[in-house]
Amino acid sequence: MTTIQEQVSRYGYVTEKVSEHIDLIAEINRLKIEKNAVILAHYYVDGAIQDLADYIGDSLGLSQQAAATEAEMIVFCGVHFMGETAKILSPNKKVVIPDMNAGCSLADSAPADKFAAFKAQHPDHIVISYINCSAEIKALTDIVCTSSNALQIVESLPKDQKIIFAPDANLGRYVAQKTGRDMVLWDGACIVHIDISREKLAQLRVEHPDALLIAHPECKEDILLQSDFVSSTTGLLKFVKASNHQKFIVATEAGILHKMKESVPGKKLIPAPGSDNNTCACSECPYMKMNTLEKVYNALRYEQPEIHVPEDIRLKAYGSLERMLELSKGI
Ligand code: SF4
């Protein structure tokens, strides 16, 4: 018989079997009240989890919520760096995530030691890092950004300010082109967005000539260049709601379609296809899909796996996140 702590150390999550007679959603809601917990969920997790969350959003909205919540515990349904971000912003709260294995290819693409050496090669550059990075990278960063505020944050700097942008090269290239700024890019990528297949997308556009193509800036340049609209996940959602168009091909992680369908039930939404290596016909993040209702229940019940961030790293990372939140007021 393994203890909860042993289960988490060995498997990355609480493996206790949940009785099939339990009404998981009712129990999660009961535990949430009992423990004064709040459930934050990213748009990319399963719809069933989005439906029970207290707040659903993209990285910017979730950070703002994590910083503002009065709850004693945050259950963060997303990926590891998001749980870390919540802990950095709310150090006195307990932050748990359903599965410690829920990582992110972008965060993994920037190991702190290599990034520190890269930064040292560009001493006159300011470091702007996309929020999809580890706490250590945030600690080496001057200002964090998300895809919702990257343009505004870069534009808030003097025009001649040299910038390192990390870790997403596609988002960085997009921001550099839009703002005309001098930016050195770290060469990281999101495995989901770069997997969107140009050939299959071209076929889909032939089949649906009346659909608008809308894309997240983590997609490759060739996808962005042919898109009718490029924005963050929240920006895409707002666009679909406000547009008079009735049909959209959505080039981002397919989880956003859950909220989009709920918001615009009469409109036709088609997920952009991933390559043949993908198990689904759309683009799904394997890390986000590690969040299950059962793991959410166990995380809430056993208050594990818990996120910890060393205080020296947290304090430095807090500064770069705080600057982002300050510059994002009103977004
Ligand atoms: S969708 Fe991409 S950027 Fe987002 S968590 Fe998954 S791998 Fe990371």
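Our numbering is plain: 1 for the first residue shown, then up by one each step along the chain.
Glycine is treated like the rest: Cβ placed from N, Cα and C.
Note that this is a predicted model, so its numbers are computed, not measured.
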From H21, H42, H258, the one annotated by TrEMBL with S59, Y130, I131, N132, S147, H216, P217, E218, T233 for iminosuccinate: H42
Where the record names H42, S59, Y130, I131, N132, S147, H216, P217, E218, T233 as binding iminosuccinate, the maximum Cα to Cα distance in Å: 17
Contacting binding-site residues for ligand 1, chosen from C104, C190, H216, C285 when the Cβ sits under 6 angstroms of any of its atoms: C104, C190, C285
Non-site residues, in chain order, whose CB comes within 8 A of the mean position of the CB atoms of C104, C190, C285 at [4Fe-4S] cluster: Y44, V79, S105, L106, N132, I191, V192, H193, E253, Y287, M288
Cα proximity to H216 (iminosuccinate binding site), best match among binding-site residues C104, C190, C285: C190
Nearest recorded site to C104 ([4Fe-4S] cluster binding site) by CA-CA distance, among binding-site residues Y130, N132, E218: N132
Number of other Cβ atoms within 10 Å of the Cβ of C104 ([4Fe-4S] cluster binding site) across all protein chains: 23
